[in-house]
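Shown next, in structure tokens, is the structure this report addresses.
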Amino acid sequence: MQKVNLSTVSEFALVGLSDAPEVRFLLFVLFLITYLATVAGNITILVAISTDARLHNAMYFFLGNLSLLDVLCSTITVPKMLEALLLEDKVISFTGCMLQLFFLIDVVGTEIFLLAVMAYDRYVAICHPLQYMNIVDMKLCAHLAIGTWVAGFFNSLLHTSLIFTLFFCDSNEVDQYYCDIPPMLALSCSPTYSRELVILTVAGVLGSSAFVVTLISYIYILLAILCMKSSESRHKAFSTCGSHLTVVCLFYGTTICTYVRPSSNYSPNQDRIVSMLYGILTPLLNPIIYSLRNKEVKCALRRVI
């Protein structure tokens, strides 16, 4: 097979969805409703946080960032998928594929760091409640939020540059409904071992660091909750942290299944299911999880609605 430099490839074909017309229309309706609900839910939370003075603190500042990331995550992939389902236009340009992968990895990386920051915020709130306002002030919140976005940007820049310097053979069909690292590695006929090693190492170091911060924070939180004498205080603490812990488990579970493995284990069918979980379902569930388990958010949402 003759190798072609990626710079000569002008487009890719996204073939990760069904070609059956009746199934395609049902999928279009389902994903359109899900996308609209995701955008509406997260934007409503953003409006509630920005307009309600009682939500102007660190916890809800980070929650607002999470809602923004969820809107971006869905918007990066779902509109192109809807276009493919409705118009049968599965072609994406080289530039479009590169930008889609870059922004997707940027958002996913930023969310990993943000969840660790949110875990630290909950740790300070529960383990050091009297010093909370002095430790986690808005200046620190702004620095931490900017740090997560910057770290996500440079992480994505590295991964994108590694993927889009690969060579490809005569096939340009991406076996997924959007451009992502696993299907692009599987499509390439270049040796990918060194790039996979760098990707797994960087993702492992950064992801493990964020996970360790989250894990240690929740160990201290659990110990502090168990030491509380009042059942009402324990219930309130569990309610405050339960939403974030649910989101962390859902997000880490799906992203680890997608990215932390060699390309030799790539399974298109499994990847489509997992990617829909973290790319479509998780952004939809996040506002539901936070609004259902948080009285302050529910009250603010009622006022907005």
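A Cβ is built for glycine as well, from the same backbone N, Cα and C atoms used for every other residue.
Feature annotations, courtesy of TrEMBL:
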type	residues	note
DOMAIN	41-290	domain 'G-protein coupled receptors family 1 profile'
TRANSMEM	25-48	transmembrane segment
TRANSMEM	60-78	transmembrane segment
TRANSMEM	98-120	transmembrane segment
TRANSMEM	140-168	transmembrane segment
TRANSMEM	197-225	transmembrane segment
TRANSMEM	237-261	transmembrane segment
TRANSMEM	273-292	transmembrane segment
Problem - Positions on the same chain near the transmembrane segment (98-120), where near means CB under 8 A and six or more residues out - result: 59, 62-63, 65-66, 69, 72-73, 76-77, 80, 92, 144-145, 147-149, 151-153, 155-157, 159-160, 163-164, 178-181, 184, 206-207, 209-211, 213-214, 217-218, 244, 247-248, 251-252, 255, 278-279
Practice task
Give me the mean pLDDT over the domain 'G-protein coupled receptors family 1 profile' (41-290), rounded to a whole number.
Solution key: 83
